[in-house]
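Student: Let me begin by handing over the structure; questions about it come next.
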Amino acid sequence: MSSYLFTSESVSEGHPDKIADQISDAVLDEILKQDPKARVACETYVKTGMALVGGEITTSAWVDIENLTRKVICDIGYEHSEMGFDGHSCAVLNAIGKQSADINQGVDRENPLDQGAGDQGIMFGYATNETDVLMPAAITYAHRLMEKQSEVRKSGKLAWLRPDAKSQVTLKYEDNKIVGVDAVVLSTQHSEEVSQKDLHEGVMEEIIKPVLPSEWLSKETKFFINPTGRFVIGGPMGDCGLTGRKIIVDTYGGAARHGGGAFSGKEPSKVDRSAAYAARYVAKNIVAAGLADRCEIQLSYAIGVAEPTSIMVETFGTGKVANELLVSLVREFFDLRPYGLIKMLDLIQPIYRETAAYGHFGREQFPWEKVDRAEDLRIAAGLK
């Protein structure tokens with residue numbers, strides 16, 4: 001019997017890097033509302049008292065970058081100086097330029113289906129049947145802990161909670177099946193006056209226990225709640241934040257490979273984002289079809305070229321049919337050219353700010369989470 005531990009982490013919407021991601025995606029959404037043909041690569045940097053928004057954007061839209069940035073920061077919960085960061089009073093700097101004409105000529109085409117990839121690169125998508133959302137369990141529950149922290153904070157149930165927080169979940173497996181939670185780490189920013197006793201009790205009763213399955217918890221489960229003790233200084237006052245620095249949190253928590261490209265602030269001509277979404281869509285439909293228990297897809301592209309330069313399917317010994325057959329089915333049922341996958345997943349819409357906290361995958365409101373091709377795949381593969 002094989003036994004092992006696997007761990008994934010998540011961070012809250014108030015983590016500095018996630019503030020940056022949400023600002024970048026809020027800018028993207030506002031532009032897409034006005035100009036569906038915009039080219040956007042928006043990067044944000046936050047530190048004590050300031051937010052710098054930059055990047056390359058070519059658009060006919062007009063967006064009030066300063067007011068939008070302030071709104072995002074305040075929506076997260078940084079709206080007075082005792083937090084160490086205040087969306088009402090922080091400096092907002094704008095350093096946005098235009099996308100290179102050299103890139104434009106490789107992407108834009110007279111026939112939209114010939115649209116080339118915005119860059120070269122590799123992208124991965126993954127799915128597993130160990131949760132109902134076909135995501136790895138460790139990252140799923142790490143995200144849910146952070147969502148619960150935000151819910152409890154914003155409802156006022158634990159008034160001393162502050163926006164910055166991190167979670168980490170270690171699961172124990174035997175013969176590739178989850179048998180329990182080995183360890184939970186939850187660190188949350190808090191106000192000055194709360195005692196460590198009240199903090200530990202509140203986090204355990206209001207955040208951890210309502211989220212983690214009780215049958216996975218035991219006397220052996222280890223809980224690390226604010227293990228350093230005090231966590232008053234947090235958010236951008238404690239650490240600077242930058243768009244695109246939480247790429248494993250954004251995806252599969254380390255349970256699958258990552259091509260290296262970040263998502264936030266990029267419109268769908270950037271295959272770093274759109275093809276990673278398409279790869280998740282493909283992998284999820286393969287698992288939903290019962291063709292594999294686990295599935296990882298790799299795609300690759302060349303700048304200015306429409307067709308993917310490669311498609312790989314890996315099922316880790318869980319496939320019900322050969323991987324070669326799965327590759328041919330992927331080519332038959334999914335249009336993975338940049339324009340094709342944009343249309344297939346309806347990606348030109350202002351949905352991206354919501355992706356920028358608590359993970360891009362495993363959340364049913366997003367179009368790449370549909371399993372509408374599962375039955376077609378199953379029939380084509382010859383499974384009853």
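A Cβ is built for glycine as well, from the same backbone N, Cα and C atoms used for every other residue.
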Student: To which of the residue ranges 77-87, 99-109, 143-153, 220-230 does Swiss-Prot assign the term region 'Flexible loop'?
Tutor: 99-109
Student: Between C-alpha atoms, which of these binding-site residues comes nearest to ALA165 (ATP binding site): GLU43, GLU56, LYS270?
Tutor: GLU43
Student: Using the structure shown, find which entry in ARG230, LYS246 (the binding-site residues) has the sparsest Cβ neighbourhood within 10 Å.
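Tutor: ARG230, out of the binding-site residues ARG230, LYS246, has the fewest neighbouring Cβ atoms within 10 Å.
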Student: Give me the Cα-Cα distance between ASP239 (ATP binding site) and ASP17 (Mg(2+) binding site), rounded to a whole Å.
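Tutor: Their Cα atoms are separated by 9 Å.
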Student: Consider the binding-site residues GLU56, ARG230, LYS246, LYS266, LYS270 and say which one has the Cα lying nearest the Cα of ASP17 (Mg(2+) binding site).
Tutor: LYS246
